[in-house]
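Here is what Swiss-Prot says about this protein:
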SIGNAL    1-25  signal peptide
CARBOHYD  Asn197  N-linked glycosylation site
DOMAIN    209-500  domain 'GH10'
CARBOHYD  Asn261  N-linked glycosylation site
CARBOHYD  Asn307  N-linked glycosylation site
ACT_SITE  Glu332  active site, proton donor
CARBOHYD  Asn346  N-linked glycosylation site
ACT_SITE  Glu439  active site, nucleophile
CARBOHYD  Asn490  N-linked glycosylation site
CARBOHYD  Asn536  N-linked glycosylation site
CARBOHYD  Asn544  N-linked glycosylation site
Amino acid sequence: MKNINNGFFLCMLLLLWCFVHSGISIDPFSPSDSLKTECVMKPPRSSETKGLLQFSRSVEDDSDEEWKIDGSGSIREMTQRIQLHEGNIYSFSAWVKLREGNNKKVGVVFRTENGRFVHGGEVRAKKRCWTLLKGGIVPDVSGSVDIFFESDDKEAKISASDVSLKQFSKQEWKLKQDQLIEKIRKSKVRFEVTYQNKTAVKGAVISIEQTKPSFLLGCAMNFRILQSEGYRNWFASRFKITSFTNEMKWYTTEKERGHENYTAADSMLKFAEENGILVRGHTVLWDDPLMQPTWVPKIEDPNDLMNVTLNRINSVMTRYKGKLTGWDVVNENVHWDYFEKMLGANASSSFYNLAFKLDPDVTMFVNEYNTIENRVEVTATPVKVKEKMEEILAYPGNMNIKGAIGAQGHFRPTQPNLAYMRSALDTLGSLGLPIWLTEVDMPKCPNQEVYIEEILREAYSHPAVKGIIIFAGPEVSGFDKLTLADKYFNNTATGDVIDKLLKEWQQSSEIPKIFMTDSENDEEEVSLLHGHYNVNVSHPWMKNMSTSFSLEVTKEMGQRQVVRVVINA
């Protein structure tokens with residue numbers, strides 16, 4: 001039986017028209033397409049008309065043609081190959097359905113000339129209705145590829161409609177990102193300054209200063225920050241949100257049963273609070289059997305294990321109630337199932353339930369790795385992470401949990417697959433819950449700074465992503481993958497990228513002052529990043545005419561906002 005390492009059975013696509021530069025394709029940046037997950041009776045027609053590859057099979061319900069996954073694993077149809085070019089990004093889309101079975105995973109796989117399989121995206125397909133499958137590939141070398149459908153069911157029969165592969169240069173992709181950023185991260189604000197009789201105040205001057213950005217690019221910290229004043233100064237001058245790498249974890253705070261020690265975590269939290277830095281909790285429990293306190297796996301009695309686990313949840317969540325922005329309640333509970341094996345299938349869901357009762361206002365994450373990174377293994381795919389969150393929220397008493405998805409983002413030292421990453425974020429975002437990238441890093445490699453910038457911009461340009469935390473720091477911090485500064489706190493190339501993005505994603509302090517006129521043009525309108533602002537209105541000729549107020553610019557207020565200021569004079 002032919003398979004690849006993950007055990008999925010493959011079915012090769014017969015490429016009917018290999019280089020047709022027209023046809024229907026899905027725009028990976030379209031807001032209407034990005035979160036589309038419903039199953040439809042007939043695939044909708046897209047306004048996009050340019051695709052490198054375009055074909056359909058089995059569009060009609062009564063057709064006998066479909067992609068059949070042969071039980072013997074043999075490939076029964078030869079293919080003409082598609083030529084891909086290094087430096088381009090290829091976005092794949094197809095509407096798929098099952099002719100037999102229901103709710104099975106269907107994915108797209110690219111096989112390169114050297115026999116490597118690149119997982120390109122996946123969905124849960126259904127019978128008798130169509131689901132949109134999206135993904136793609138960013139080739140690290142030029143060459144030809146074969147395109148496959150994959151399924152976890154060897155008997156699957158897959159119908160495909162409007163299969164498309166669309167090519168973007170990196171410049172075109174970034175232009176799309178920038179256009180989307182203008183829509184999802186900014187709003188245009190128009191100021192109207194009038195007297196009480198509603199006549200305009202000509203010559204008024206409006207000054208604007210951002211006090212808090214809506215989107216936060218943060219950085220993890222560890223205990224070494226308590227030992228280095230330079231590390232503390234470096235951190236506080238840059239970041240407004242953090243998480244602690246190990247200091248809140250169970251194996252750190254209770255190394256011996258019954259002997260809790262929160263000294264390091266408390267001290268780090270105090271530093272953060274003194275410097276206006278928000279803290280994201282990591283982690284209450286960890287479902288990996290190898291990541292427990294050394295004494296926990298020695299407990300054989302399930303009742304005893306339940307007691308110490310509940311004590312841990314109560315202890316850490318009560319201690320930090322109201323002090324954190326979020327919690328990884330059961331870390332990596334798609335990859336691992338230690339507590340489920342020991343305490344029952346609903347262990348994770350019940351722990352989220354208890355956590356919700358202890359701190360109902362904190363955001364609670366399902367936090368996983370290899371979800372957006374496009375690794376070979378397929379344990380915590382976007383579909384499975386989405387299903388885990390749905391399972392937790394469906395547990396009795398959990399419907400009002402403030403849920404969120406944590407995509408860790410431990411990328412390999414190679415060109416990231418941005419097309420796959422965007423499709424993965426689409427799948428996760430279809431839940432309607434916020435997504436955070438929580439542990440972004442990458443081993444040292446040539447072009448690390450380029451790849452990290454591409455990853456962070458991809459996340460920032462996706463509407464479902466609400467924040468990012470990188471696992472990085474200066475040399476003294478011990479972060480040996482993403483090292484942002486040397487021992488003298490001089491930036492590395494990757495450090496320069498982070499500083500550039502911090503400046504770009506926080507409203508510049510050099511916002512031009514607005515001078516009110518009686519014209520009908522947009523001189524009084526300014527494009528502002530979402531966030532909190534202090535606004536001052538004054539007049540150069542009327543010294544007593546001055547007023548200040550706070551303003552929050554939000555996505556919910558729309559693309560254009562009007563702020564009316566009435567002057568008593």
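The backbone N, Cα and C atoms fix where each Cβ goes, and this holds for glycine too.
Annotated features, which come from Swiss-Prot, shown on the structure.
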residue	record	Cβ neighbours (10 Å)
Asn197	N-linked glycosylation site	6
Asn261	N-linked glycosylation site	12
Asn307	N-linked glycosylation site	12
Glu332	active site, proton donor	24
Asn346	N-linked glycosylation site	15
Glu439	active site, nucleophile	22
Asn490	N-linked glycosylation site	10
Asn536	N-linked glycosylation site	14
Asn544	N-linked glycosylation site	8
Local confidence of the domain 'GH10' (209-500) - pLDDT mean: 97
Inter-residue Cα distance where the pair is Asn544 (N-linked glycosylation site) and Asn197 (N-linked glycosylation site), in Å: 18
Per DSSP, three-state class assigned to Asn536 (N-linked glycosylation site): strand
Cα distance (Å, whole number) from Asn536 (N-linked glycosylation site) to Asn346 (N-linked glycosylation site): 54
Glu439 (active site, nucleophile) - helix vs strand vs coil (DSSP): strand
Distance [Cα-Cα, Å, rounded] between the residue listed as 'active site, proton donor' and Asn536 (N-linked glycosylation site): 47
Spatial neighbour of Asn307 (N-linked glycosylation site) that is closest, considering only the glycosylation sites Asn261, Asn490, Asn536, Asn544 and their CA atoms: Asn261
Asn307 (N-linked glycosylation site) - helix vs strand vs coil (DSSP): helix
